[in-house]
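These features come from Swiss-Prot:
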REPEAT    97-126  repeat 'ANK 1'
REPEAT    130-161  repeat 'ANK 2'
REPEAT    233-263  repeat 'ANK 3'
REPEAT    267-297  repeat 'ANK 4'
REPEAT    322-351  repeat 'ANK 5'
REPEAT    353-377  repeat 'ANK 6'
Amino acid sequence: MIFVIESKLLQIYRNRNRNINFYTTMDNIMSAEYYLSLYAKYNSKNLDVFRNMLQAIEPSGNNYHILHAYCGIKGLDERFVEELLHRGYSPNETDDDGNYPLHIASKINNNRIVAMLLTHGADPNACDKHNKTPLYYLSGTDDEVIERINLLVQYGAKINNSVDEEGCGPLLACTDPSERVFKKIMSIGFEARIVDKFGKNHIHRHLMSDNPKASTISWMMKLGISPSKPDHDGNTPLHIVCSKTVKNVDIIDLLLPSTDVNKQNKFGDSPLTLLIKTLSPAHLINKLLSTSNVITDQTVNICIFYDRDDVLEIINDKGKQYDSTDFKMAVEVGSIRCVKYLLDNDIICEDAMYYAVLSEYETMVDYLLFNHFSVDSVVNGHTCMSECVRLNNPVILSKLMLHNPTSETMYLTMKAIEKDKLDKSIIIPFIAYFVLMHPDFCKNRRYFTSYKRFVTDYVHEGVSYEVFDDYF
């Protein structure tokens, strides 16, 4: 392959020497650069061969971006780049991705090429399409990064003069810096106490990196960066670490003394509630609870919503008292574990069955029936059975009817259904069976009159109702 490339370029070079109008033929120029771009991908490059190849080359400004290609080769001898610069390739042109050669060399940590480009006029303050200068690209070993910072600053890189798309300067954009690099950047004038356009400081941003470390946050705090500052959404660093799927206990321990665990962001979440929502282990939640003098109702409600009976027990041990409202909520959200925990601690809601029906949690209805909760709950004139009709849920209705509602409950059920003009069709068979099994029901004039009207209003006109006349 390399022999073919050399031969092609040699042929182009000879043709150029024979034809004084060679460069008026753009195809020849582009062909030469094409073969030179192929040579960039060849592993064993020879500088003398490269120089010979360049004899057939003139910068064309086409899409091969020869200088960019060679600046992006790791470990490349800077003399290759020097030859291209001498040949007339500009260090201040962008490729199709908006990158300058200096950005590319910075990204791959080739400081010798960085130095070569700078000495040939590369602009250290040029911005790529992400509005980043070369100072933003600080990967590599500490020594490599510090050397590159020194080079860029020496050739005029401006401090605190640019922000990228996220509103970050070079220091803030470095989400996982070493202490040595961080201090170096600060020593040349970068401001450490700045935030990005979302209000996040260095600790926020470090916590959002792939591998946040307590040691990094520790020295950031020693340099004066606030561990409790909220961003524009109200999230403190503790909010961020508590919201992660994998919790870093060392970081939580570090941030805990400086942050109120009940401090809410604009979405109503606190570090404590975020721990509960992400199903964190109880011992970790207990760690945060131990720093709080107040356990809010919101915390209890979230424990119930996420079925965290283990956390309810911890909260109870810390003196929080539960009541029927908590039991009601546990029923409404279908939290079987929390209902069981509260029931074991003699906390109940008399109308629990009614709220279970409203929520249509069949498992909860079954659990309450098993524990002998009454089906005769009446709330604002509505019964469990009338709500089954409203919800058109014959399955739950059948479960309730098997547990012997009282005659008064059935009377109130009919009243509620008629008042709200609900569809009677699903309950008519159940009421008929109820009356059949409870003959005393029709001996009560109030019940019987209501039942007769309930049925006759439902059946088509012209049907005889003499069966009802035998009672009174």
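Cβ coordinates come from backbone N, Cα and C, glycine included.
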Within-chain partners of the repeat 'ANK 1' (97-126) [C-beta distance under 8 Å, separation at least 6 from its ends]: 67-68, 71-76, 78, 81-82, 85, 91, 132-135, 137, 139-141, 144, 147-148, 151-152, 154-158, 161-162
Close approaches to the repeat 'ANK 4' (267-297) from elsewhere in its chain (Cβ under 8 angstroms; 6 or more beyond its ends): 233-234, 236, 238-239, 242-245, 247, 249, 252-253, 256-257, 259-261, 303, 306, 308, 310-311, 314-315, 318, 320
Cβ-Cβ under 8 Å with the repeat 'ANK 3' (233-263): same-chain residues at least 6 beyond its ends: 198-199, 203-204, 207-208, 212-214, 217-218, 221, 227, 269-272, 274-275, 278, 280, 284, 287-289, 291-292, 294, 296, 299
Structural state census, the repeat 'ANK 6' (353-377) (DSSP three-state): 16 helix, 0 strand, 9 coil
Summary of DSSP states over the repeat 'ANK 5' (322-351), given as helix, strand and coil counts: 18 helix, 0 strand, 12 coil
Helix-strand-coil residue split for the repeat 'ANK 4' (267-297), DSSP-based: 16 helix, 0 strand, 15 coil
